[in-house]
Amino acid sequence: MGFATLLALPLAIVALTIAGVLGALLARLPPDDLWTALSAAETLFALRLSALTSVAALGIALALGLPAAYLMARRRFPGKLLLDTLLDVPLVMPPLVAGLGLLFLLGRNGPVPALGMEFLFSPAGVVVALAFVSTAVVVRTATAAFRSVDRGYAVAAQSLGASPWTVFWRVELPLAARGIAAGAVLAWARALGEFGATLMVAGATRLKTETLPMAVFLNIATGETGIAVACALLLLAAALLMLVAMRLLGTRRGERFSRGSAAGCGPA
């Protein structure tokens, strides 16, 4: 057995496993049954709630994450290394653990209800859970995007009298936009597929806090395979669209880099 064959065998196993998983999902229901499940009221509710809550969570993640990322990328201050590590904790924290912490924070004896705000076991709780897990993704990817921007552009703008606010909005944010957009896609994907934290914070109530992942869980638990498969396929379709978006963003970014490199290597 040659070296190339030894390399190809693991690749074939991985590829066939992925293809098998996709095929098993797609072949589970006949077309008529699948259409019935896709058009069911429960499926449509879960789709609508997932879309609304994930978009709301992404908006919160961008509003909080972009300023935080810019500060982490461009400023030095005491405790920055510790804070940088803390910001990564949600990325590695098990979702159920994150949800448990949010449950205690937002629960009856926590500090948040004392301020007159209630989030538990409601669509608002879904948004909070999704925002918690997706904000860390925005912070990490946006920090990398801002750091990739040549600091010389900001220095040049400041030398021409631009304020820090103008430098951020007119110079560095546009230059980092493609990396930020890629991070936003990742954050939305994380929010759309989140299950563990949502289960702990918002519960699993049909037609109230039932997102697409929650619908898969509830219907598999009760033997309603049709709706579970329909919701799973909707999540899969969204994931494939996000994958295409990521590839397009990466390709265009690479093309821009190549054009810039070619221009820089041209004759003086």
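Every residue, even glycine, has its Cβ placed from backbone N, Cα and C.
Where the annotation comes from TrEMBL, it is an automatic prediction and has not been curated.
What you are looking at is a predicted structure, and each value in this text was computed from that prediction instead of being measured.
Here TrEMBL flags 47-246 as domain 'ABC transmembrane type-1'.
Taken from TrEMBL, the feature transmembrane segment applies to 47-73 (among others). Outside the transmembrane segment (47-73) by six or more residues, the chain places 80, 83-84, 87, 123, 126-127, 130-131, 134-143, 145-147, 168, 172-173, 180, 184, 187-188, 191-192, 209-213, 231, 234 with a CB less than 8 A from a CB of the stretch.
Under the heading transmembrane segment, TrEMBL lists 85-107 (among others).
Annotation comment: TrEMBL describes 119-139 (among others) as transmembrane segment.
Annotated transmembrane segment per TrEMBL: 180-205 (among others), in sequence order. Among residues of the same chain six or more beyond the transmembrane segment (180-205), those with a C-beta under 8 A of the stretch's C-beta atoms are 50, 53-55, 57-58, 61-62, 65-66, 94-96, 98-100, 102-103, 106, 119-123, 125-126, 128-135, 137-138, 140-142, 144-145, 173, 211-214, 217-218, 235, 238-239, 242, 245-246, 249-250, 253.
According to TrEMBL, the feature transmembrane segment maps to 225-249 (among others).
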Same-chain residues at least 6 beyond the ends of the transmembrane segment (119-139) whose Cβ lies under 8 Å from its Cβ atoms: 49, 52-54, 56-58, 60-62, 64-66, 68-69, 72, 87-91, 95, 98-99, 102-103, 106-107, 112, 180, 183-184, 186-188, 190-191, 194, 197-198, 200-203, 205, 208-209, 211
